[in-house]
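Before any comments, here is the structure.
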Amino acid sequence: MAKQGLQVAIDGPASAGKSTVAKLVAKRFGYIYVDTGAMYRAVTYWAMQHSVDLTDEAAVAELMQTLTISFKPGEPDQLVFANDQEITMAIRQPDVTNNVSTIAALPKVREILTDQQRQIAAAGGTVMDGRDIGTTVLPQAEVKVFLVASAAERAKRRYAENIKKGIDTPLAQLQAEIELRDHKDSTRKVSPLTQAADAVLVDTTPMSIDQVVDTIAEIIKKQSSTI
């Protein structure tokens, strides 16, 4: 495993900076970045496009049998595809964001996507971020990091991201939505948001992106030297 690279699991609540940091960490080490959040967003988007009730577990699972989610290189970010349709920006729209927790709470959906994620990570040299990577998806990952930040700070970050995309949602509304997602993610029955016992806690509230990446890089280097 050491020759191929480590499995790196980065977990944390909504807008804690997981995806941004995971991409940069993967780039630094030449690892593959597996965007698990995008996979749940893709299922959410696909179900909404096909007018499937997002709470109907059997219907969503059936729809997934004809859905292939894939990632392809892109600049500055990798592209996300649902079958042959490019959906990179579509899955980041507010209607998808506000419904993804509903889809993520469906046990069958998590089971299908977890299997796919484990297959990708099996070769090592992967960075995967989500809510339950270190606890459920990759419990044997050599490096586990749990990122946190205050709800107010996360709302500011999401607001800045949205403005860049031409979406102007009031800051107070964003904070309320983030707090609601925190509640949904941490109280769901299947794979709730929890910090793995062997994960390193990193509070990103006062940190820049580069500082967070440097911190995780040091954790990876330290772990690499012990294997």
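Yeah, the Cβs are placed from backbone N, Cα and C, and that goes for glycine too.
Where the annotation comes from TrEMBL, it is an automatic prediction and has not been curated.
Taken from TrEMBL as is:
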- Gly12, Pro13, Ala14, Ser15, Ala16, Gly17, Lys18, Ser19, Thr20: ATP binding site (BINDING)
- 8-221: domain 'Cytidylate kinase' (DOMAIN)
| task | Measure from the Cβ of Ala14 (ATP binding site) and count the other Cβ atoms within 10 Å, all protein chains considered. | result | 23
| said: Suppose you look only at the domain 'Cytidylate kinase' (8-221); what would the mean pLDDT be? | reply: 94
| If you run the three-state DSSP split on Gly12 (ATP binding site), which class comes out? | coil
| note | Same-chain neighbours of the ATP site, Cβ within 8 Å of the mean position of the Cβ atoms of Gly12, Pro13, Ala14, Ser15, Ala16, Gly17, Lys18, Ser19, Thr20 and not counting those residues, run in sequence order as Val21, Asp129, Leu147, Ala149, Arg154
| query | What is the number of other Cβ atoms found within 10 Å of the Cβ of Thr20 (ATP binding site)? | reply | 17
| field | C-beta crowding around Lys18 (ATP binding site), within 10 angstroms | value | 27
